[in-house]
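These features come from Swiss-Prot:
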DISULFID  CYS97-CYS179  disulfide bond
CARBOHYD  ASN5  N-linked glycosylation site
CARBOHYD  ASN89  N-linked glycosylation site
TOPO_DOM  1-29  topological domain 'Extracellular'
TOPO_DOM  51-57  topological domain 'Cytoplasmic'
TOPO_DOM  79-97  topological domain 'Extracellular'
TOPO_DOM  119-133  topological domain 'Cytoplasmic'
TOPO_DOM  155-196  topological domain 'Extracellular'
TOPO_DOM  218-244  topological domain 'Cytoplasmic'
TOPO_DOM  266-269  topological domain 'Extracellular'
TOPO_DOM  291-311  topological domain 'Cytoplasmic'
TRANSMEM  30-50  transmembrane segment
TRANSMEM  58-78  transmembrane segment
TRANSMEM  98-118  transmembrane segment
TRANSMEM  134-154  transmembrane segment
TRANSMEM  197-217  transmembrane segment
TRANSMEM  245-265  transmembrane segment
TRANSMEM  270-290  transmembrane segment
Amino acid sequence: MGPRNQTAVSEFLLMKVTEDPELKLIPFSLFLSMYLVTILGNLLILLAVISDSHLHTPMYFLLFNLSFTDICLTTTTVPKILVNIQAQNQSITYTGCLTQICLVLVFAGLESCFLAVMAYDRYVAICHPLRYTVLMNVHFWGLLILLSMFMSTMDALVQSLMVLQLSFCKNVEIPLFFCEVVQVIKLACSDTLINNILIYFASSVFGAIPLSGIIFSYSQIVTSVLRMPSARGKYKAFSTCGCHLSVFSLFYGTAFGVYISSAVAESSRITAVASVMYTVVPQMMNPFIYSLRNKEMKKALRKLIGRLFPF
């Protein structure tokens, strides 16, 4: 596309959540409720892990990091959506859009890595219980956390810097409720080959590789559990993994839903809704999954609530 069709972009336009201003209270209330539930739920998980010494283990330390990441990922997208709904203004500045792209990549990448590390933790606990304290020592799982942070941050910075090199056309309407790197790249007039290569590479590193690791870990766990002689041992092992398996299924299920909707949906609004659900629903449901299905977490939460509201 020729230079005459390019322009210096100062802002992008996001998709309207609703076309009717009189109905804006409905989506605003929905997003606000989901956001508050996500923040409060994950904040309770953070406080429970900090306050209860029985939860100072690798598994709950990883859950602590996952809950913190959930708060950050949701906060990256939902507040801007709420502002746009209330103001009936769909614009987002160029700098704001790049910042949102970078933060979404950081926290989505972290979430994927943490889920893989948690699967490995369950694999070691069930398949190698006698060596658990040796294999999952504080230095090793601390290193895994730092490595996850480094990889996701570097990926986000590289992809954001490559977006900075792009020239954009006059059409700067993003068919989503927030800035997402793939959709922003589609608006560029300049060559996007390197950007697309980076996206495919990142999808492998933060999608296919963690997913393969999780599937391998659970295949080994299932094999090990089936060899257990007692039904009680099998139940305990499966219940230990149940929470993580539910969270993993929800996260990758919504991610797969985004991919399918973008590939087959005729309406861009369907893809937009699927994308925002990916950054909200798993993060909102994680605290409920862990608080309802994990006995130790339920006990810690009851103690915490008793301290916060002693009446």
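Just so it is clear, glycine is given a Cβ too, placed from its N, Cα and C backbone atoms.
For the recorded site, CYS97 (disulfide bond), the DSSP three-state label reads helix.
Counting residues 6+ beyond its ends, the topological domain 'Extracellular' (79-97) has Cβ neighbours under 8 Å at 9-18, 21, 24, 27-28, 31-32, 35, 174, 177-179, 184, 276 in the same chain. Residue counts for the topological domain 'Cytoplasmic' (218-244) under DSSP (helix as H, G, I; strand as E, B; rest coil) come to 23 helix, 0 strand, 4 coil. Straight-line distance linking the Cα atoms of CYS179 (disulfide bond) and ASN89 (N-linked glycosylation site), rounded to a whole number, equals 15 Å.
Sequence-distant residue pairs (6 or more apart) of the transmembrane segment (58-78) and the transmembrane segment (134-154) include at least 3 whose Cβ atoms are under 8 Å, placing the two stretches in contact. Proximity of the transmembrane segment (98-118) to the transmembrane segment (30-50) is not established, fewer than 3 Cβ-Cβ distances being under 8 Å for residue pairs spaced 6 or more apart. Using a Cβ-Cβ cut-off under 8 Å and counting only residues 6 or more beyond its ends in the same chain, the topological domain 'Cytoplasmic' (218-244) has close neighbours at 115, 118-119, 122-123, 125-127, 289-290, 293-294. If you take the Cα of CYS97 (disulfide bond) and the Cα of ASN89 (N-linked glycosylation site), they are about 15 angstrom apart, rounded to a whole number. The transmembrane segment (245-265) shares more Cβ pairs under 8 Å with 197-217 than with any other stretch in the list 30-50, 134-154, 197-217.
Long-range Cβ contacts of the transmembrane segment (270-290) within its own chain (Cβ-Cβ under 8 Å, at least 6 residues beyond either end) map to 15, 31, 34-35, 37-38, 41-42, 44-45, 63, 66-67, 70-71, 73-74, 76-78, 81, 104, 108, 111, 175-178, 180, 243, 246-247, 250-251, 254-255, 257-258, 261-262, 297. Other Cβ atoms within 10 Å of the Cβ of CYS179 (disulfide bond), summed over all protein chains shown, number 25. The recorded positions considered are ASN89, CYS97; of these, ASN89 has the fewest other C-beta atoms within 10 angstroms of its C-beta. Below 8 angstroms of C-beta separation, residues 41, 44-45, 47-49, 51-52, 54-55, 60, 239, 242-243, 246 of the same chain, each at least six residues beyond the ends of the topological domain 'Cytoplasmic' (291-311), sit close to that stretch. Long-range contacts of the topological domain 'Extracellular' (155-196) within its own chain (CB-CB distance under 8 A, at least 6 residues past either end) are made by residues 1, 5-7, 9, 11-15, 17, 76-77, 80-81, 84, 92, 96-98, 100-106, 109, 202, 205-206, 268, 271-272, 275-276, 279. Beyond its flanks by at least six residues, the topological domain 'Cytoplasmic' (51-57) meets 296-297, 299-300, 303-304, 307 of its own chain at Cβ-Cβ distances under 8 Å.
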